[in-house]
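*Asks:* Submitted below is the structure of interest, expressed as structure tokens.
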Ligand SMILES: *Cc1c(COP(=O)(O)O)cnc(C)c1O
């Protein structure tokens with residue numbers, strides 16, 4: 001870490017390992033950990049390594065570029081990616097041993113051609129659309145794609161390692177309808193002569209809500225980072241530990257008289273004399289600007305204190321009135337983290353912003369340095385006891 005970094009996302013490796021193990025214990029099958037978008041803001045390589053250490057079978061990204069970047073960062077385990085532009089170079093994927101999620105016949109042909117050119121074998125997982133209406137092949141195209149996949153497999157050019165689909169999370173009934181279509185796809189693929197090693201439908205939500213949708217693998221993102229995919233359930237209730245602690249520090253303290261206006265537009269005016277602390281994080285770092293005036297708080301010296309005035313691109317202000325005598329420059333400020341450790345949960349921000357925790361963590365900006373923190377693995381039984 002560069003010295004003097006004022007904006008740090010500490011990433012707890014024991015927390016990620018705990019969360020991946022928790023999913024493994026819950027499902028009993030293979031676990032694919034999704035590290036797209038920079039590991040949901042946590043750092044893709046940091047997360048990938050921790051996930052493999054905890055027994056993940058595959059680490060997945062959306063784009064091939066992200067998967068190639070993981071190879072460049074020295075990640076050697078199995079990688080899968082599934083969202084491809086028309087110019088994605090599957091030759092690079094074959095060279096780097098990256099599994100390709102295939103949604104169209106055209107992608108399958110490109111993958112087969114890349115393998116043929118290199119005299120090697122590509123690995124594919126067939127992505128089928130069972131109702132999300134997004135990425136993945138449509139049922140009408142399954143017979144042709146599956147037949148061609150079987151040919152390419154017979155020629156030794158493509159190994160079909162898996163079949164997968166993604167849920168719309170539109171309720172239990174809709175999930176079951178998607179599972180029925182997924183079963184049909186698996187059956188059709190078997191009739192075409194391919195019995196795929198991995199069959200996966202559930203992401204985090206169905207992993208925790210619907211054991212009947214586990215098949216023999218699940219693909220989890222947000223829960224690997226210790227966050228809940230449900231609005232009405234906390235991390236602790238799911239047995240998960242939030243991995244990110246977003247920290248900054250106080251870089252200025254100033255006593256002000258009653259009536260002092262704070263930050264752009266003076267939309268906060270101090271009612272009484274108080275002390276203001278300046279913190280060098282802003283909307284460029286992923287703090288939603290619209291948190292202004294919403295009642296959001298951070299912890300300073302272990303105490304909750306309100307964010308006041310408009311959040312700037314680089315900095316915001318907290319009213320530290322009652323704590324003033326105890327504070328010095330450089331004291332840590334925690335923006336969010338594990339509520340079991342007394343930090344504000346990220347869900348305060350996502351709730352105030354009417355969005356989901358995913359969006360907040362994925363928006364943490366590039367100036368924030370991701371610092372992996374290792375330590376002894378936590379004992380889940382002891383954790384549960386501590387919570388009780
Ligand atoms: C992002 C993504 C996931 C992970 O979703 P979570 O809800 O974070 O577990 C799984 N599968 C696909 C296809 C995705 O795009």
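A Cβ is built for glycine as well, from the same backbone N, Cα and C atoms used for every other residue.
In TrEMBL, annotation is done automatically, which means it is predicted and not curated.
Straight out of TrEMBL:
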{"type": "ACT_SITE", "residues": "36", "note": "active site, proton acceptor"}
{"type": "MOD_RES", "residues": "36", "note": "N6-(pyridoxal phosphate)lysine"}
{"type": "BINDING", "residues": "134, 313", "note": "substrate binding site"}
{"type": "DOMAIN", "residues": "243-373", "note": "domain 'Alanine racemase C-terminal'"}
{"type": "ACT_SITE", "residues": "264", "note": "active site, proton acceptor"}
*Asks:* In sequence order, what residues of the same chain, 6+ apart, have a Cβ less than 8 Å from the Cβ of residue 134 (substrate binding site)?
*Replies:* 166
*Asks:* In the three-state scheme derived from DSSP, which category covers residue 264 (active site, proton acceptor)?
*Replies:* helix
*Asks:* Which residues of the same chain, at least 6 positions away in sequence, have a Cβ lying under 8 Å from the Cβ of residue 36 (active site, proton acceptor)?
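*Replies:* The answer is 44, 60, 61, 62, 63, 66, 221.
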*Asks:* Work out how many Å separate residue 264 (active site, proton acceptor) and residue 313 (substrate binding site) at their Cα atoms, rounded off.
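*Replies:* A Cα-Cα distance of 11 Å.
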*Asks:* Within the domain 'Alanine racemase C-terminal' (243-373), count helix residues (DSSP H, G, I), strand residues (E, B) and coil residues, in that order.
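*Replies:* Result for the domain 'Alanine racemase C-terminal' (243-373), in helix, strand, coil order: 31 helix, 45 strand, 55 coil.
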*Asks:* If I take every residue in the domain 'Alanine racemase C-terminal' (243-373) and average their pLDDT values, what number comes out?
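*Replies:* Result for the domain 'Alanine racemase C-terminal' (243-373): average pLDDT 96.
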*Asks:* Which residues in the same chain, at least 6 apart in sequence, have a Cβ under 8 Å from the Cβ of residue 313 (substrate binding site)?
*Replies:* 282, 283, 284
